[in-house]
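A short write-up of the structure that comes next.
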């Protein structure tokens, strides 16, 4: 038994297949009878594969035909409820990007504009006095938020305390309250 090769096993199994008279190959396009006993006279194994008369085709549809109206793509971001630490982490990055773009814009104004930045701030005070406080709040909020969350991360890195999920969520709520108070103070305080 151990001295036989794979060819011995396949040639011994071939006569078992010859006992079948015919078999039917079915697919969606054709149904035909294949006679096995007429073609194979040697001891080689029989091949069971056949070719259909017509090849199978793939039906193509445009992407707008596949969409069902009024259904969002899956998975959609609106079905997820992000936890507070995840939202605060995303907002920390977003405020960092906004502050970097704002400082770059301010540097561009001071370098390439015909007047300095103080002239444009005074122009805002005289021409659009209703926009002074919203503009100050738009600067104070990302600045205080990014600063406070950065301090919280430094405390985490240095002390390795307060890293459980409940402590992160509670410190996040306290931090949001501190940011709201500080940004309101910076909005209404005049620095002259």
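Every residue, even glycine, has its Cβ placed from backbone N, Cα and C.
The feature transit peptide is assigned by Swiss-Prot to 1-27.
The topological domain 'Mitochondrial matrix' annotation in Swiss-Prot covers 48-83 (among others) and is backed by similarity to another entry.
Summarising the annotation, Swiss-Prot assigns transmembrane segment to 84-113 (among others) and lists similarity to another entry as the type of evidence.
Annotation source Swiss-Prot lists topological domain 'Mitochondrial intermembrane' at 114-131.
Summarising the annotation, Swiss-Prot assigns transmembrane segment to 132-156 (among others) and lists similarity to another entry as the type of evidence.
In the three-state DSSP classification, residue 146 (heme b binding site) falls within a helix. Around the Cβ of residue 146 (heme b binding site), a 10 Å sphere holds 21 further Cβ atoms from the protein chains shown. Annotated heme b binding site per Swiss-Prot: 146, in sequence order, evidence recorded as similarity to another entry.
Same-chain neighbours of the topological domain 'Mitochondrial matrix' (157-164): 171, counting only residues six or more beyond its ends whose CB sits under 8 Å from a CB of the stretch. If you look up Swiss-Prot, you'll see 157-164 (among others) marked as topological domain 'Mitochondrial matrix'.
Sequence-distant contacts of the transmembrane segment (165-186) (same chain, six or more residues past either end, CB-CB distance under 8 Å): 83-85, 88, 136-137, 140-141, 143-145, 148-149, 152. Under the heading transmembrane segment, Swiss-Prot lists 165-186 (among others).
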Long-range Cβ neighbours of the transmembrane segment (84-113) (under 8 Å; 6 or more residues past either end): 120, 139, 142-143, 145-146, 149-150, 165, 168-169, 172-173, 175-176
Structural state census, the topological domain 'Mitochondrial intermembrane' (114-131) (DSSP three-state): 14 helix, 0 strand, 4 coil
PLDDT averaged over every residue in the topological domain 'Mitochondrial matrix' (157-164): 93
